[in-house]
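Per TrEMBL, the features are as follows:
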DOMAIN    73-108  domain 'EF-hand'
DOMAIN    109-144  domain 'EF-hand'
DOMAIN    157-192  domain 'EF-hand'
Amino acid sequence: MPSPLLPDKIEDDLEMTMVCHRPEGLEQLEAQTNFTKRELQVLYRGFKNECPSGVVNEETFKQIYAQFFPHGDASTYAHYLFNAFDTTQTGSVKFEDFVTALSILLRGTVHEKLRWTFNLYDINKDGYINKEEMMDIVKAIYDMMGKYTYPVLKEDTPRQHVDVFFQKMDKNKDGIVTLDEFLESCQEDDNIMRSLQLFQNVM
């Protein structure tokens, strides 16, 4: 619907500008991701609609996530997820960051998805996952899903979940999980893989 403030012609031009924003950038993204140029245009339009400035800060990211999980508290998980999207640690997520992550999560190989998930769990970005980091992420997911989703869960369920997973993953029992241990464990254990796919669904 045309805006009363803008003649139709200008409105159309503006819309074209939004869709074709930085075509050389879209071509570069097409080469770097698993999306077609048309898909990138559609994603960009949606992104600009939610975030007219072209970048998302953490507060906006949390608000978007809260809408999807009204029965739980999504703020902690959204915080961790935002940090995983914000690969340059600038405090904001650009469209490029967004589609790069989305491309991996939706269309990446198993290996690429697992590497991305490892990065999510590695909260302090030291290249390892310790039990506290795994606990923080798992608890954040349970909090986000809410009591209505898992009404029968006891308070200590996340802890038990993490204990089992961590024991399987920490192959050399040194108290930390390396990327190699993570990849190996996930690919050889169907239960871990299923749980990770469940968790990936909330991204």
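Cβ atoms here come from the backbone N, Cα and C positions, even for glycine.
TrEMBL entries are annotated by machine, without manual review.
Keep in mind the model is a prediction, meaning the values are calculated, not measured.
Non-local neighbours of the domain 'EF-hand' (109-144) in the same chain are 65, 69, 72-74, 76-81, 83-84, 101, 150, 153, 157-159, 161-162, 165-166, 169, 175-179, 182-183, 186-187, 196, 199-200, 202; each lies 6+ residues outside the stretch with a CB under 8 Å from one of its CB atoms. Across the domain 'EF-hand' (157-192), DSSP helix (H, G, I), strand (E, B) and coil residues number 26 helix, 2 strand, 8 coil. Helix, strand and coil counts under DSSP for the domain 'EF-hand' (109-144) come to 26 helix, 2 strand, 8 coil. With helix defined as DSSP H, G or I and strand as E or B, the domain 'EF-hand' (73-108) counts 24 helix, 3 strand, 9 coil.
In the predicted model, the domain 'EF-hand' (157-192) has a mean pLDDT of 91.
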